[in-house]
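Colleague: Sharing the record's features from TrEMBL:
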- 4-131: domain '1-deoxy-D-xylulose 5-phosphate reductoisomerase N-terminal' (DOMAIN)
- T10, G11, S12, V13, G38, R39, N40, N123, E125, G204: NADPH binding site (BINDING)
- K124, S150, E151, S175, H198, S211, N216, K217, E220: 1-deoxy-D-xylulose 5-phosphate binding site (BINDING)
- 145-228: domain '1-deoxy-D-xylulose 5-phosphate reductoisomerase C-terminal' (DOMAIN)
- D149, E151, E220: Mn(2+) binding site (BINDING)
- 260-381: domain 'DXP reductoisomerase C-terminal' (DOMAIN)
Amino acid sequence: MRSVSVFGATGSVGGSTFDLLMRQGGPDRYRTVALTGGRNVARLAEMARALRAELAVTAHDDCLPALRAALAGSGVQVAAGRQALAEAADRPADWVMSAIVGAAGLEPGFRALAHGGTLALANKESLVTAGPLLMATAARHGARILPVDSEHSAIFQALAGEDMAAVERIILTASGGALRDWPLDRLAAATVDQALAHPNWAMGKRITIDSASMFNKALEVIETREYFGVDPAQIEVIIHPESLIHSMVAFRDGAVMAHLGAPDMRHAVGYALNWPERAALPVARLDFAAVGQLTFRAPDLARYPALRLAREVMAAGGMAGCAFNAAKEVALDHFIGGALGFAAMAEVVEDTLADLSRQNCLGNAPPTLEDVLSMDHLARRAAEKTVQARQSRR
Ligand code: NAD
Ligand code: MG
């Protein structure tokens, strides 16, 4: 029996993972080692019962009594807190889904790699903040990282059997997010609800807002560089409003391999779950006559400063990716909380990076996970200061 763990089981990607595990045989086929979630303990308990998990962990200490009550008599062990999450990752599993959102997903992923199994990586922040270290850790333990971000799964599939030396360009598609067609002068005043109205994908709140600002695509450009090891100049972004091409690889003979499919994360999750086989998956089939046309347009960098920042972060190297992600998370928190406007998020990230760069903090690539976590902490503090300074100027 294959053993599995799902970090961030109660989220959007976690829910797709649970759905596929159940459809593909549930507890008869998979031994579920650990499932983790946040405050939604009822959902976590329901999943743990259905999969007969050995352990269920909530990220929040104050949620432990509720989780314990919900799982009374089930035989599922319960735990809470950050340390418990990390320890859950110390329990060996053949296949581990990393689907916690944000830098909080870093540590469980790193710990899971130590067992040398497969890490299905939805948590792109792991590659953005600590790409070289993550890849080296996987190599050292003989572990495999399979990309779950839809673009990176698409690229991975387009590259199957190909020689990386023959790759000319990787073309990441982007929907453009909820505010794609807004006039530029209105963008600065966009609200959280407006940014949440994604045209094609149903995803968690944070990544949906990041799609509207294209911070998500900025993270994905860096993720592409780290995972596939290509030069930043080889990575392009193109707006493709239909979201049916999930990304493309262009080769030196002029051929372009595009990956198409319905916008449903169960494809990318299911591919990583069943790899190297292709299993039958419950995703909608494309009807090309009904689709009619696929359209493309170049992204406007004035509208999406995050894309320019991603280039600067890659050029800076070292800890810049970690600082970029941390500052972005803080700015996003303040946008959600109402303290920052939509356009101010990119300004806060840019100012924070400039501030840390002046202090020579972005330096060399981090040698250990602890270095990454302390940089993450430092960059969050710097971003908070940037936000406060803006507010006192107002
Ligand atoms: P989500 O917000 O729906 O779910 C996040 C999960 O992480 C939940 O289980 C939540 O309880 C848990 N979590 C949140 N904060 C935590 C913390 N501090 N400590 C421990 N657990 C915590 O997020 P999502 O949309 O499923 O995204 C998950 C990851 O997958 C992100 O890195 C995202 O960028 C990536 N991703 C998501 C999609 C998508 O379609 N949703 C697509 C590609 C990549
Ligand atoms: Mg994506």
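Glycine is treated like the rest: Cβ placed from N, Cα and C.
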Colleague: Out of N40, N216, which of the binding-site residues has the smallest number of neighbouring Cβ atoms within 10 Å?
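Modeller: Counting other Cβ atoms within 10 Å of each of the binding-site residues N40, N216, the minimum falls on N40.
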Colleague: Around ligand 1, within a Cβ distance of under 6 Å, which of the binding-site residues S12, E151, H198 show up?
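Modeller: Cβ under 6 Å from ligand 1: S12.
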Colleague: Tell me the Cα distance separating D149 (Mn(2+) binding site) from N40 (NADPH binding site), rounded to the nearest angstrom.
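Modeller: Each residue's Cα considered, N40 (NADPH binding site) and D149 (Mn(2+) binding site) end up 24 Å apart.
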Colleague: Take the mean position of the Cβ atoms of D149, E151, E220, the recorded Mn(2+) site. Which other residues of that chain put their Cβ within 8 Å of it?
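Modeller: Near the Mn(2+) site, the remaining chain residues are K124, P147, S150, H152, L172, N216, K217, L219, E223, T224, S247.
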Colleague: Of D149, E151, E220, which binding-site residues come within 10 Å of E125 (NADPH binding site), going by C-alpha to C-alpha distance?
Modeller: E220
Colleague: Where ligand 2 binds, which of the binding-site residues K124, D149, E151, H198 are close by, with Cβ under 6 Å?
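Modeller: Checked binding-site residues vs ligand 2; flagged D149, E151.
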Colleague: Between S12 (NADPH binding site) and K124 (1-deoxy-D-xylulose 5-phosphate binding site), what is the CA-CA distance rounded to a whole number of Å?
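Modeller: The Cα atom of S12 (NADPH binding site) is 14 Å away from the Cα atom of K124 (1-deoxy-D-xylulose 5-phosphate binding site).
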Colleague: Reported as an integer number of Å, what is the Cα distance between K124 (1-deoxy-D-xylulose 5-phosphate binding site) and D149 (Mn(2+) binding site)?
Modeller: 7
Colleague: Do you know the DSSP helix, strand and coil residue counts for the domain 'DXP reductoisomerase C-terminal' (260-381)?
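Modeller: Reading the DSSP string over the domain 'DXP reductoisomerase C-terminal' (260-381) gives 72 helix, 2 strand, 48 coil.
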Colleague: With DSSP as the reference, give the number of residues of the domain '1-deoxy-D-xylulose 5-phosphate reductoisomerase C-terminal' (145-228) in helix, strand and coil.
Modeller: 43 helix, 11 strand, 30 coil
Colleague: Between all pairs in T10, G11, S12, V13, G38, R39, N40, N123, E125, G204 (listed as NADPH binders), what's the biggest Cα distance, rounded to the nearest Å?
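Modeller: Max Cα-Cα spread across the NADPH binders: 22 Å.
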